[in-house]
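Asks: According to TrEMBL, the record shows the following:
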BINDING   Ile20, Gln21, Gly22, Arg35, Thr100  substrate binding site
BINDING   Cys39, Cys43, Cys46  [4Fe-4S] cluster binding site
BINDING   Phe45, Cys46, Asp47, Gly102  S-adenosyl-L-methionine binding site
BINDING   Ser48  Mg(2+) binding site
DOMAIN    26-265  domain 'Radical SAM core'
Amino acid sequence: MIAKTTVKPTARLVEVFSAIQGEGLNVGTRQIFIRFGLCDLRCHFCDSAHTWDAPSRCKIERSPGLRDFEIHSNPIPLAMLIKWVERQNLPSLHDSISLTGGEPLLHAPFLAQFLPEVRSLTNLPIYLETGGHRPEQLAMLLPYLDTVGMDLKLPSVSGESHWTEHKQFLQLCFDANLEIFVKIIVSQRTDPGELERSALLVSGVSQNIPLFLQPVTPLADSEKFSQVPVLAPSPDQVLEWQALMKRFVKQVRVIPQTHKMLKQL
Ligand code: SF4
């Protein structure tokens, strides 16, 4: 008789730390960030290109906010990640757990086991930050998510085009009654026709989904991987685009990356 073996789930992590969320609907709240390795997109403006290939080691903060990192080798067993999150979870400090990356949904089988456990242990809501292009993986995790921040990638700015997947993805979140918002990175190269198409895509699911226009943060030379220039939009451009999108969607807010202003991670 062949013995039944169970595969122990593991994750390829970049870092775990406690910080102030700098983007979107949860801006200003305190979160435990779990940054996963791997991403299958190549956005021109990416400020996390170091996450694309899973690193051999990850940085784990010992005490929330103190940046007293210890280094561990990937892959990381589920039980170990649970232990690190519990260590971060001091009473009343955090508002939620942020799954970020990279693209966290590339870890969907791991998350399907990790999320129910971490949720019941910490009682913290789970917030997913995602490129919004993997509806199949999202469907595996819907019961364990509370909030989803979906990036909608404009081809003129990101170099990526995923209109059909974005639509399916947003509809799945909406049908599951999750708290959702859509984030769109805008630069000087933004095509207003793509903004109108995006607003129609969102309003086709619900006019009440908040939409965030995020002016791109220009990258330092050491962070650049693309030859395409990434320049912040002008004040006039942002005013015009917000007005354009508000014809279709009720809430269109313009918020830059505040964590970079605060010099947060
Ligand atoms: S989806 Fe995010 S991590 Fe991936 S390339 Fe785009 S900005 Fe970078």
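Just so it is clear, glycine is given a Cβ too, placed from its N, Cα and C backbone atoms.
Automated prediction, rather than curation, is the source of TrEMBL annotations.
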Asks: Fill in the CA-CA distance, Arg35 (substrate binding site) to Cys43 ([4Fe-4S] cluster binding site), as an integer in Å.
Replies: 17
Asks: Quick one: Cα separation, Cys43 ([4Fe-4S] cluster binding site) versus Ile20 (substrate binding site), in Å?
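Replies: That separation, Cα to Cα, works out to 24 Å.
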Asks: Please check each of the binding-site residues Arg35, Cys43, Asp47, Gly102 and report the ones with a CB atom less than 6 Å from an atom of ligand 1, ordered along the sequence.
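Replies: Result: Cys43, Gly102.
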Asks: Where Gln21 (substrate binding site) and Asp47 (S-adenosyl-L-methionine binding site) are concerned, what is their Cα separation in Å, rounded?
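Replies: Checking the Cα atoms of Gln21 (substrate binding site) and Asp47 (S-adenosyl-L-methionine binding site) gives a distance of 15 Å.
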Asks: Determine, using Cα-Cα distances only, which of these binding-site residues is closest to Cys46 ([4Fe-4S] cluster binding site): Ile20, Gly22, Thr100, Gly102.
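Replies: Closest candidate to Cys46 ([4Fe-4S] cluster binding site), judged by Cα separation, is Gly102.
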Asks: So among Ile20, Asp47, Thr100, Gly102, all listed as binding-site residues, which is physically nearest to Cys39 ([4Fe-4S] cluster binding site)? Use the C-alpha atoms.
Replies: Gly102
Asks: Which residues, same chain and not among Ile20, Gln21, Gly22, Arg35, Thr100, have a CB within 8 angstroms of the centroid of the CB atoms at the recorded substrate site?
Replies: Ala19, Glu23, Gln31, Phe33, Ser98, Glu129, His259, Gln264, Leu265
Asks: Other than Cys39, Cys43, Cys46, which residues of the same chain sit close to [4Fe-4S] cluster? List them in sequence order, counting a residue when its Cβ is within 8 Å of the Cβ centroid of the site.
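Replies: Other same-chain residues near the [4Fe-4S] cluster site: Leu41, Arg42, Phe45, Ser48, Ala49, Trp52, Gly131, Ser158.
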Asks: Around Asp47 (S-adenosyl-L-methionine binding site), how many other C-beta atoms are within 10 angstroms of its C-beta?
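Replies: Around the Cβ of Asp47 (S-adenosyl-L-methionine binding site), 16 other Cβ atoms lie within 10 Å.
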Asks: Do me a favour and check the Cα-Cα span between Ile20 (substrate binding site) and Asp47 (S-adenosyl-L-methionine binding site); whole Å is fine.
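Replies: About 17 Å separate the Cα atoms of these two residues.
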Asks: Express the distance between the Cα positions of Asp47 (S-adenosyl-L-methionine binding site) and Gly22 (substrate binding site) as a whole number of Å.
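Replies: Distance between the two Cα atoms comes out at 14 Å.
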Asks: Need one number: mean pLDDT over the domain 'Radical SAM core' (26-265).
Replies: 95
Asks: Please report the Cα separation of Gly22 (substrate binding site) and Gly102 (S-adenosyl-L-methionine binding site) in Å, rounded to an integer.
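Replies: The separation of the Cα atoms works out to 17 Å.
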